[in-house]
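Features as listed in TrEMBL:
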| type | residues | note |
| --- | --- | --- |
| DOMAIN | 7-72 | domain 'J' |
| DOMAIN | 135-213 | domain 'CR-type' |
| ZN_FING | 135-213 | zinc finger |
| REPEAT | 148-155 | repeat 'CXXCXGXG motif' |
| BINDING | CYS148, CYS151, CYS201, CYS204 | Zn(2+) 1 binding site |
| REPEAT | 165-172 | repeat 'CXXCXGXG motif' |
| BINDING | CYS165, CYS168, CYS187, CYS190 | Zn(2+) 2 binding site |
| REPEAT | 187-194 | repeat 'CXXCXGXG motif' |
| REPEAT | 201-208 | repeat 'CXXCXGXG motif' |
Amino acid sequence: MSTTKRCYYETLEVERSADESTLKSAFRKLAMKWHPDRNPGDASSEVKFKEINEAYEVLKDGDKRAAYDRYGHAAFEQGMGGGAGFGAGFASSFSDIFEDLFGMAGQRGGRGTGRERGADLRYNMEISLEDAFKGKTAQIEIPVSVTCESCSGIGAKAGTKPKTCSTCGGAGRVRQAQGFFTLERTCPSCQGRGQIIEDPCPSCTGSGRVTRERTLSVNIPQGVEDGTRIRLAGEGEAGVRGGPPGDLYIFLSLASHAIFQRDGADLHCRVPISMVTAALGGEFEVPTIERGKTKVKVPSGTQTGRRFRITGKGMPVLRSRQVGDMYVQVAVETPQNLTKKQQELLAEFEKLSSGATQPEAAGFFTKVKDFFGSRANTP
Ligand SMILES: [Zn+2]
Ligand SMILES: [Zn+2]
């Protein structure tokens, strides 16, 4: 993928409308400035120099320039390899970026041998809050491209051997005169591999890799959060032609829970209580995340919305011994569908309740009084 690549016009510091001679002089100026011979030991100038050359190679050619104007860098991307065919949950995006970086910096392992590190894979997994609490070992099935067994990843049919590329003599790179300079570039005949496969392996059609379902066991530690990433080193795609494999990243997301809301290590839940329990006080049971129960004591005169803290009943903190708390918020419920008898009793209660304190009501009616009082006072 070339998302990290700079626009060719920007690289050459010219307008999109620049004509041939403008391009040429811009290229000359920049190539002189960033030529590695003029900047010995400066790796970044080498990268710049390569970028400038690449940009000029494309823009000086009418057809290539037209293709670039239309499709951008995508116009020159070589057939997307193995990673593209995977199902939902997979994307081989990471090492594309790394490969771009390393490819451009010329540090790719085993230059000229075509060895490449396999792509990193992403696997999205949703887990329940209970699993995040307890931790678990999950079995996952992943389609992963692995080294082809028939040809040991070489890509040549059994009994045959790849031939040394005649264009580059096996070096994988060719030298080419360009303007004033001799440039080294990837061999176009063998794409840098140094070898040509004449009889491709039928199992992998010469790519050296095949797709297999692989079952992996993933250890999910206690206390993982939404967005936690687990890296399984070396479990990504197989490398190309004996290159090292990529990594597999498990991206965890937490399913929402019917009872608990998580806030860091703390858990919150809302519990309805009756008007009578709230007024008289009492005790009720609430479930806990470990599928147990705990008692919550409410004092008499409890107002709706009050929170009670139960220490140590929250979530474990990832890679630590700490545990969060659980907060229980009560919601006082007004009863509905009262029987005649119940209505009578409540009406009776209302008559008798002149002595009871209604803290919120008292506060409110004081404010109302002040409100009207202040209006009366304004002229
Ligand atoms: Zn094969
Ligand atoms: Zn070659």
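Including glycine, each Cβ sits where the backbone N, Cα and C put it.
Feature map: annotations from TrEMBL on the structure.
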residue: CYS148; record: Zn(2+) 1 binding site; Cβ contacts under 8 Å, 6 or more apart: GLY155, CYS201, SER203, CYS204, SER207, GLY208, ARG209, VAL210
residue: CYS151; record: Zn(2+) 1 binding site; Cβ contacts under 8 Å, 6 or more apart: LYS157, ALA158, CYS201, SER203, CYS204, GLY208
residue: CYS165; record: Zn(2+) 2 binding site; Cβ contacts under 8 Å, 6 or more apart: GLY172, CYS187, SER189, CYS190, ARG193, GLY194, GLN195, ILE196
residue: CYS168; record: Zn(2+) 2 binding site; Cβ contacts under 8 Å, 6 or more apart: VAL174, CYS187, SER189, CYS190, GLY194
Report summary line: Not counting CYS148, CYS151, CYS201, CYS204, residues with a CB within 8 A of the CB centroid of the Zn(2+) 1 site are GLU149, SER150, SER152, GLY153, ILE154, GLY155, ALA156, PRO200, PRO202, SER203, THR205, GLY206, SER207, GLY208, ARG209, VAL210
Query raised in the report: Considering only Cβ pairs under 8 Å, which range in 165-172, 187-194, 201-208 makes the most contacts with the repeat 'CXXCXGXG motif' (148-155)?
Result: 201-208
Query raised in the report: Just counting, how many other CB atoms are there within 10 A of the CB of CYS201 (Zn(2+) 1 binding site)?
Result: 23
**Report entry** Chain-mates of CYS165, CYS168, CYS187, CYS190 with C-beta within 8 Å of site centroid, Zn(2+) 2
**Finding:** SER166, THR167, GLY169, GLY170, ALA171, GLY172, ARG173, VAL174, PRO188, SER189, GLN191, GLY192, ARG193, GLY194, GLN195, ILE196
Query raised in the report: Hey, what's the Cβ neighbour count for CYS190 (Zn(2+) 2 binding site) at 10 Å?
Result: 25
Query raised in the report: Cβ under 6 Å from ligand 1: which of the binding-site residues CYS165, CYS168, CYS187, CYS190 qualify?
Result: none
Query raised in the report: What binding-site residues among CYS151, CYS165, CYS204 have a C-beta sitting less than 6 Å from any atom of ligand 2?
Result: CYS165
Report task. Note down the number of other Cβ atoms within 10 Å of the Cβ of CYS204 (Zn(2+) 1 binding site), including every protein chain shown. Result -> 22
Report summary line: All chains considered, the count of other Cβ atoms within 10 Å of the Cβ of CYS187 (Zn(2+) 2 binding site) is 21
